[in-house]
Ligand SMILES: C[S@@+](CC[C@H](N)C(=O)[O-])C[C@H]1O[C@@H](n2cnc3c(N)ncnc32)[C@H](O)[C@@H]1O
């Protein structure tokens, strides 16, 4: 691979914004990609993937390069040189790379790789927490898996097409996909690519959604015609899946505390041809109380640490704080206890997170079941990334007597 000056400059500019100014990696990458209209898909891919890679390996690369935060521009170039060296990319004779100690970089990599928190490039507290919650062996495997780059996975919108038809339509555009029998609506891209510019996407034939996330809506066991409440709907990834399963029959009430997310959901629902979704902004507790005992099924896709989706969101490793985790666990407990009251007698509830921590998952459910005897656990599923090959997730199906 040959390094191109303007692409490397863009990457370094982006990294400075992410590392020193706390900007979100996805937003920074989005704006970097608009920088030069002449960039082709390979150039854009380089900028996006290199930025994410260096964010993912920030601690490891900083230790190898012997630089400390806040990083100067030269420091970031040194981290860039570490990235290129470890990838086996030949460094051009630019002044930023003068005197790069290629051999020393490889030696330091081997030496530092013996320490998990540095090898896996995570803060000390996160390594301690992972061990406490999952044990040494599972945590080592899980964090290694969470540091892999995520595949691009589509969920076929069965309201508009079938998997076979969509697969053929994408194939005609040179987008090859594979299937996995455990995820009936998923198509996995063989090569990363921007699928958002295709007509198939614009016409609502699919959404981009990780395979593990695609397990949640079917877990709720719903039928067309039911009344379902999606209590933490956000921009509607799972709401849209619920709508497809329900074949547009029945009612889905989509709640969230952020109206702007529900507005995005509305736009996506229109594109998907999903007509049975009613977004309701939670402005006060009245919105919730009105729904007590009214739902056949309730989905609580709870706010969480997001530790199961680090593949997609590597900068969360640096943004998360232990105090946030304490607050989010309290919110989860509160949400589970309040929103479960929307389930009518004989109805069902799914509590789900994209976390791999038992303290956000089964421990929350166990605590809830202890205090709410009218609910029983039907089943739960702990999806670890190293076992599934996809994001880490948790889901529990409860039934109200
Ligand atoms: C894991 S995200 C949901 C993702 C979404 N279900 C999807 O599949 O795309 C959690 C959502 O909970 C919302 N949220 C946070 N606190 C809430 C609360 N007290 N009540 C309802 N929603 C809340 C957040 O705004 C966020 O959209």
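Every residue gets a Cβ built from N, Cα and C, even glycine.
Since this is a predicted model, take the numbers as computed values, not measurements.
For the domain 'SAM-dependent MTase RsmB/NOP-type' (142-401), the model's average pLDDT works out to 98. Sequence annotations record features per position, and here TrEMBL assigns domain 'SAM-dependent MTase RsmB/NOP-type' to 142-401.
Classification of residue 256 (S-adenosyl-L-methionine binding site) by DSSP places it within a strand. Within the same chain, residues at least 6 positions away in sequence whose Cβ sits under 8 Å from that of residue 256 (S-adenosyl-L-methionine binding site) are 232, 233, 234, 262, 265, 279, 281, 282. What TrEMBL lists as S-adenosyl-L-methionine binding site is 256, 301.
Every protein chain shown contributes to the tally, and the Cβ of residue 354 (active site, nucleophile) ends up with 26 other Cβ atoms within 10 Å. Under DSSP, residue 354 (active site, nucleophile) is assigned to coil, being neither helix nor strand in the three-state scheme. Positions annotated as active site, nucleophile by TrEMBL: 354.
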